[in-house]
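Below you'll find the structure, written out as structure tokens, and then a few comments.
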């Protein structure tokens, strides 16, 4: 599981601006599933190297019907899921009935809430904050998200402690220990109704997950340990148990949060795609999130049975066009979860991807491969600078991290970095896992001696004078 920060508040108070500050990016994950609130944003953030998820829940209003009511339900689910809630208000506009409506929702939850008084640039902070204490929360803090004023202080004061406590407690939980014991931990991700639960049942060989043919009815994710051919696994079906009723009110959006958390907790991610619908932007968002988190990856193109040869060729062309960045290393399987076709091959790829992600490489081997790559294709000259790669070593596993030391490595072009990745991948036969390269500038061992000599010469010249 991941620590979750929910940003809530009425419309136009600066929630998205605060979201961008926390995630340090405008590349939010935006999902548009059927039955899902539009333009919801999910992002990753870090504080002192501790990762957490951020969700911008959209504006809550006190309207009783229609889209606003649905938005309010979405935001209430965000509150339920969150470890910390940033309740954003507008310091210029002052306290409104909309703020009071949101505060009333929050008071019904036993959550850690910080009232973030935004847009205080040009306004005296204490006076801007004063009236918001009327909302009944003891933690009130003023920021200007647009100018990043006090935003770091906000995190230092209110995020640091609960985030550190979360990570400390999580590593001690039984859930974490069970996850470590049950072999390869993999998750099935994908849009609603692509067949994740059917594939779960096929993999387990029994109907452990109740499935109805209704998109948008996700309630929770299900984690199940099992064994197959003597190998231990834990499977997470992010679709989980489905129910018939309340399709419009069911908050499928928050299966997205569970999906993102499942990706982060997994050793291997199986992305399930409906062959008849093809690859969507949502599929690409989930796949990119998995790669960004360094997860090993397998693709399962489901509902392949019953398609004409012409349609199959069109699907393959579409996959090649949209997933060109994966074709060198990710296994793609065309399956029928319902009939079991090729599901066994998915297991083979899961095993291979996991083994590659955790492959042991010595410093000698890493350096030797780097030298072979340089001999075959030297780093380019960058202006008057000659880039020299000296040695390499492994910096981590799952994903594999290769650390390369050298001179002028900060000038190494991306094209050469891609060349190194492809060279290492082919030489080590890495399938299914991304490889992370880190480049570190080698320190000049004579720099201190040179600086000392210059300092000494300076001292002598002063004495001479």
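Each Cβ is built from the backbone N, Cα and C atoms, and glycine gets one as well.
Annotated features in Swiss-Prot:
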| type | residues | note |
| --- | --- | --- |
| BINDING | 9-16, 56-60, 118-121 | GTP 1 binding site |
| BINDING | 190-197, 237-241, 302-305 | GTP 2 binding site |
| DOMAIN | 3-166 | domain 'EngA-type G 1' |
| DOMAIN | 184-358 | domain 'EngA-type G 2' |
| DOMAIN | 359-443 | domain 'KH-like' |
DSSP residue counts for the domain 'KH-like' (359-443), split into helix, strand and coil: 32 helix, 26 strand, 27 coil
Overall pLDDT of the domain 'EngA-type G 1' (3-166), taken as the mean: 82
Neighbour tally for residue 57 (GTP 1 binding site), based on other Cβ positions within 10 Å of its Cβ: 26
Residue 57 (GTP 1 binding site) versus binding-site residues 190, 196, 304 - nearest by Cα: 190
CB contacts for residue 120 (GTP 1 binding site) [other CB atoms within 10 A, all chains]: 23
Residue 9 (GTP 1 binding site): tally of other CB atoms within 10 A of its CB: 28
Per-residue Cβ crowding (10 Å cut-off), top of binding-site residues 12, 193: 193
Which of 15, 196, all binding-site residues, has a Cβ with the fewest other Cβ atoms inside 10 Å: 15
Intrachain C-beta neighbours of residue 304 (GTP 2 binding site), sequence separation six or more, cut-off 8 angstroms: 275, 312, 334, 335, 336, 341, 342
Other C-beta atoms that fall within 10 angstroms of the C-beta of residue 190 (GTP 2 binding site): 24
Cα distance (Å, whole number) from residue 15 (GTP 1 binding site) to residue 193 (GTP 2 binding site): 31
Rounded Cα separation (Å) that holds between residue 196 (GTP 2 binding site) and residue 15 (GTP 1 binding site): 33
